[in-house]
Amino acid sequence: MIVIFLGPPGAGKGTQGKKIAKKIDLPHIALGDIFRTIIKTSTSEAELINNYVKQGELVPNAIVNQVIKNFLLSSAYKNGYILDGYPRNLEQAKFFESFIKEKIKIIYFDVSDELLIKRVLGRYSCKNCRKIYNSYFLQPKTDNVCDVCGSSTFDYRKDDNEEVVKKRIEVYKTETYPLIDYYKNSGNFYLVNGSKNEQEIEIDIQKILKIN
C-alpha cells in the first residue's frame with residue numbers, strides 16, 4: 001500500500017503519518033524530516049536546502065525529486081509506505097509516477113489558515129523520542145517532562161516564525177492547489193477535516209484505508 005498525505009504546513013500530516021504507519025506496519029517517510037537530517041550535515045546540498053527552508057520557500061523540484069527517489073527506491077520500502085509532504089506540485093507528481101507504478105491513495109488534510117499558524121508556531125517535540133507537542137493545544141502532562149520517555153529536553157523549530165509560516169502557506173497554495181485538482185480526478189483522492197482532534201482524524205483515515 002502506498003498512501004500520500006497532502007496538506008499545508010501544520011495540517012497534521014506528520015502526527016497522523018506516524019500513527020497510521022505504526023498501525024499498519026509501514027514506514028512513514030516525511031520529506032521535511034529528510035531535509036532536516038540533510039541540513040545537519042556539512043555539505044553544499046545541506047547549505048542550499050537550508051537557505052530555502054529558512055526563507056519559507058519550497059526547495060526546487062530537481063533537488064526534491066532526486067532526494068525522494070533515492071529514498072523510495074531502497075528495498076526498505078518495497079512493501080509500501082506513507083509519504084508525507086511529497087509531491088507538492090504537478091511536476092513532482094509526474095516525476096513520482098514515472099518510477100512508481102503501484103496504485104496509490106491520496107489523503108488531503110483541509111485546515112483553515114488561522115489554525116495552521118497556531119499549530120506551526122506552537123509546535124515542538126521531545127529531543128529524545130520525537131513526540132510532538134503544541135504550546136496552544138497539547139502540552140506535556142507534567143511541565144517540561146515528556147509524557148512518553150520522561151526526557152526534559154525539547155526541540156523548537158528555528159524556521160517557525162509567523163512571517164515565515166504565512167509565506168509557507170501562501171507558497172503552498174500557489175504550488176499545490178493545481179495538484180489537488182489533478183488528484184481529484186484520479187478516483188483515489190480523499191479529503192479529511194484536519195480541524196478535528198487527533199483521534200477523530202485518525203478514525204477518519206482508518207475508514208478511508210479500511211483498517212481497524
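Here the Cβ of each residue, glycine as well, is placed from N, Cα and C on the backbone.
So that you can see what the record holds, here are the features copied from Swiss-Prot:
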BINDING   GLY10, ALA11, GLY12, LYS13, GLY14, THR15, ARG123, ILE132, TYR133, LYS196  ATP binding site
REGION    30-59  region 'NMP'
BINDING   ARG36, GLU57, LEU58, VAL59, GLY85, TYR86, PRO87, ARG88, GLN92, ARG157, ARG168  AMP binding site
REGION    122-160  region 'LID'
BINDING   CYS126, CYS129, CYS146, CYS149  Zn(2+) binding site
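DSSP assigns CYS129 (Zn(2+) binding site) to coil in the three-state reduction, placing it in neither a helix nor a strand. Long-range Cβ contacts of the region 'LID' (122-160) within its own chain (Cβ-Cβ under 8 Å, at least 6 residues beyond either end) map to 10, 14-15, 53-54, 56. Comparing Cα positions, CYS129 (Zn(2+) binding site) lies closest to GLY14 out of the binding-site residues GLY12, GLY14, PRO87, ARG168. Counting only the Cα atoms, the space from CYS149 (Zn(2+) binding site) to GLY12 (ATP binding site) is about 22 angstrom. Other Cβ atoms within 10 Å of the Cβ of GLY12 (ATP binding site) number 24 in total over all chains.
The subset of binding-site residues (PRO87, GLN92, CYS126, CYS146, ARG168) lying with their Cα within 10 Å of the Cα of TYR133 (ATP binding site) consists of CYS126, CYS146, given in sequence order. For the binding site of AMP, formed by ARG36, GLU57, LEU58, VAL59, GLY85, TYR86, PRO87, ARG88, GLN92, ARG157, ARG168 according to the record, the largest Cα to Cα distance is 26 Å, rounded to a whole number. Comparing ARG168 (AMP binding site) with GLY10 (ATP binding site), their Cα atoms are 10 Å apart once rounded.
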